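So that you can see what the record holds, here are the features copied from Swiss-Prot:
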- 125, 155, 159, 246: Mn(2+) 1 binding site (BINDING)
- 155, 157, 246, 248: Mn(2+) 2 binding site (BINDING)
């Protein structure tokens with residue numbers, strides 16, 4: 001289920017005449033050797049799974065997302081002094097979603113324990129349950145006090161659906177229930193919500209759980225100062241941040257390769273300043289990008305956007321330490 005990094009995906013242009021400053025990602029990414037320390041390194045972990053999308057009656061194909069993101073990352077310019085490792089993929093076989101989520105949670109937990117900053121590449125947004133699980137296990141082992149974790153989701157959907165089985169539509173409800181069992185606070189903000197893609201039941205559940213949100217029509221450039229104030233207020237209330245980006249938060253013309261394209265969406269001119277603010281906070285512990293479906297993409301638009309957002313996080317985040325109390 002967990003496979004080592006495939007080095008053949010890391011290929012691209014080589015500008016040898018430019019020296020070290022002309023390097024690209026494919027020239028600097030290394031395999032995450034299980035025996036080596038990772039203090040300060042960015043660690044990519046793929047989640048090749050769309051079983052949660054299938055359970056949520058969406059359009060499948062996101063299982064191929066991690067490889068597509070890596071291919072777009074490969075030719076991006078590398079920044080000097082930043083170590084990047086590839087921790088391989090967790091692949092979901094058939095409908096074995098829970099096993100795949102457990103496996104990814106374990107991979108992320110291990111990367112955090114080794115001092116890395118993990119970025120998970122989806123895959124459906126069911127990966128959020130695994131991402132939170134990995135961070136929760138890491139933090140729970142370091143303090144008897146409930147950690148103040150903030151989940152910031154850039155998404156057109158709350159993903160708070162009810163249901164006996166987990167799916168791409170349930171992860172944050174599952175996290176809320178897990179926090180309640182642990183006696184931890186549930187701090188969740190969802191920015192980019194579409195009023196026409198969430199039922200009244202989901203808005204009611206969000207209010208019941210104390211979720212903070214902004215609608216997509218409140219997130220254009222004219223509203224950017226207020227959006228960043230909302231982000232700052234959220235960051236001030238927490239010690240550890242998990243940033244998750246569902247690509248369907250973007251306009252359909254920018255991100256067509258998703259299961260549920262947005263009729264409106266939030267422009268990159270707003271999404272990127274949010275990412276920058278969170279990455280620079282010193283509190284970001286883990287990030288992921290979800291819902292890329294290459295079979296629905298046009299000219300790799302969505303994959304390119306996903307890679308740009310991953311690189312934006314990498315460029316903005318400070319090197320992580322080995323422990324987060």
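These residue numbers are counts, starting from 1, taken along the chain as shown.
Every residue, even glycine, has its Cβ placed from backbone N, Cα and C.
On a predicted model such as this, the values are computed, not experimentally measured, just so you know.
The candidate set comprises the binding-site residues 125, 157. Of these, 125 has the most other Cβ atoms within 10 Å. With a cut-off of 8 Å between CB atoms and residues at least 6 apart in sequence, the same chain places 125, 153, 154, 155, 156, 157, 159, 258, 290, 291 near residue 246 (Mn(2+) 1 binding site), listed in sequence order. Around the Cβ of residue 248 (Mn(2+) 2 binding site), the same chain contributes 155, 156, 157, 255, 258, 259, 260, 261, 262, 265, 291, each under 8 angstroms and 6 or more positions distant in sequence. For the Mn(2+) 1 site, the Cβ centre of 125, 155, 159, 246 serves as reference, and the other residues of the chain with Cβ at most 8 Å from it are 128, 153, 156, 157, 168, 171, 172, 244, 248, 249, 290, 291.
Secondary structure from DSSP puts residue 159 (Mn(2+) 1 binding site) in coil. The DSSP secondary structure for residue 248 (Mn(2+) 2 binding site) is helix.
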